[in-house]
Amino acid sequence: MNQLCVERNLSISTAYIKSKPKKYIERIKKKKSSNKSIKSQHKFEGSKIANKNNELKDIKSKDPKHYENHINKNTKHKDILLKSKRSDNFKFSRRGFILSFTGNLEDFYNLSEEPLGKGTYGCVYKATDKLLKIQRAVKVVSKKKLKNIPRFRQEIDIMKNLDHPNVIKLLETFEDEEQIYLIMDLCTGGELFDKIIKKGSFVEMYASFIMKQIFSVLNYLHIRNICHRDIKPENFLFYDKSTESLIKIIDFGLAAYFNDIDYEMKTKAGTPYYVAPQVLTGCYDYKCDLWSAGVLFYIILCGYPPFYGESDHEILSMVKKGKYNFKGKEWNNISEEAKDLIKRCLTIDSGKRINASEALKHPWFKKKKGSFNLDVKMDIHVLENFKNYALLLKLQKLAMTIIAQQSNDYDLQQLKTVFLYLDEDGKGNITKNQLKKGLENSGLKLPQNFDVLLDQIDSDGSGRIDYTEFLAAALDRKHLSKKLIYCAFRVFDVDNDGEITTAELAHILYNGNKKGSITQKDVNQVKKMIQEVDKNNDGKIDFYEFCEMMKLKY
């Protein structure tokens, strides 16, 4: 693993979050008592903001009109504070928060007896965190069955780099002597394949809802020089059972990086019905994913594949010829625009084949406006959350990012919809101009020092606002449950002894995200971050202090 592997101590975790033995309760009471007599030398701007938000909620419930006036009244004060952030160039990457551990997985998770499904390298099980009772999905891979360990490591590396609403989230990994475990977000809505079987085919409106997500995620992957190489309905899961559930792409076991020069890949990979002709020759590029998407598109409109046969050999023979038609009665009511988009995906010559970005701009999507094209508005509370986030302490920002990463999509449904609406070009992140346009279209007045605000939201300094960055900044504090607070604390507390040290925080912040070794300047910055919230001045942060920092009662 790229990240440091450590042993996790279950007994300490249980003491903090579940059973709380007497000695730990006494320890916490002692800390609370001592904290009262300590005059903190550090002001918590984030804490002030949290208290101010509680006042605003009361005002909003009693007098909505007065609420907006009250918001505007506080804007000048926050704008002044934002000016002081102009010189703050603190940047970090969420990749460092996806840790790898050694030890017995079943000390931390209860696994279901029956697998949810099978992937390229192993089975996926439903799992429940023993302490937090949060449900996850766990991919279990036997080391003995791994024929190509470097390729599997690449799958993990690829997943750590991805941050998109339509990509399954990797949360952490475990490893013991026999197996490797990938802990991921749990999808409960079933496979796209199963829905196709159940419905037979989709109407064009719903098909546009599905295909826009598929082309968007392919555009996101291809921009990052990643080719999935196994696009098929079995590799898309519905997040939940709702009618407008988003889909998530899974199983990056066959995914590969390609270079910017010739784009060529040579390993034969894929599934017969969906594989592109060039893959069969052993010389192809990233547009093999577009061919597969075209096949999938064809299937969801009519219920059967464009290339079929009694055996894999017959199917592949049909694929090589690339001949298909729209002659069945199922196609009588399908628009010419839909057929044209399929043709552009199923073009034999990959050089002339449409790419994902071009597909998203196809007239069919403009004609069949699906759920992504709804007139989404951001309310003033989202803008206030942006301002509040920009004024947080560094460690608070790190914690909010982890909380956004660990939260399930049920809690973030509205924000997720807003993000997808703002992502007009389907790149999986939004530009500062797109966010500005979204705020203006929602009738919200842009604050002074808006560029400073955007720079604070762009936590990795990429110039664009990624999905988790947006969620962390827009997330309402009402989602800060003790479970989510502990999820963040557990990431920082690498050895699980109940305290966050300078070494642990430096490891999380810089390991895997920094070229070269950690400098003294880096260490000093981490020490300062700890000092800002270390109320008893012992040089460490315990869970009580962490909760105080996030303004959640322990």
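Each residue's number is its place along the chain shown, starting with 1.
Cβ atoms are placed via backbone N, Cα and C, with glycine included.
Annotation source Swiss-Prot lists active site, proton acceptor at Asp230, citing sequence analysis. Less than 8 angstroms from the CB of Asp230 (active site, proton acceptor) sit Thr120, Asp251, Gly253, Leu254, Ala255, Ala269, Gly270, Thr271, Tyr274, Ser292, each of them six or more residues away in the same chain.
Annotated domain 'Protein kinase' per Swiss-Prot: 110-365, in sequence order.
Marked as domain 'EF-hand 1' by Swiss-Prot on the basis of sequence analysis: 410-445. Counted with DSSP, the domain 'EF-hand 1' (410-445) comes out as 20 helix, 3 strand, 13 coil.
Annotation source Swiss-Prot lists domain 'EF-hand 4' at 521-554.
The annotation region 'J domain' is assigned in Swiss-Prot to 385-420.
Per Swiss-Prot, motif 'J domain autoinhibitory motif' is recorded for 385-393, and the stated evidence type is similarity to another entry. Sorting the motif 'J domain autoinhibitory motif' (385-393) by DSSP state (H, G, I as helix; E, B as strand; all else coil) yields 6 helix, 0 strand, 3 coil.
What Swiss-Prot lists as motif 'J domain EF-hand interaction motif' is 394-403. For the motif 'J domain EF-hand interaction motif' (394-403), the mean pLDDT of the prediction comes to 94.
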What does the DSSP secondary structure composition of the motif 'J domain EF-hand interaction motif' (394-403) look like, as residue counts for helix, strand and coil? 10 helix, 0 strand, 0 coil
What DSSP reports for the domain 'EF-hand 4' (521-554) is 18 helix, 2 strand, 14 coil
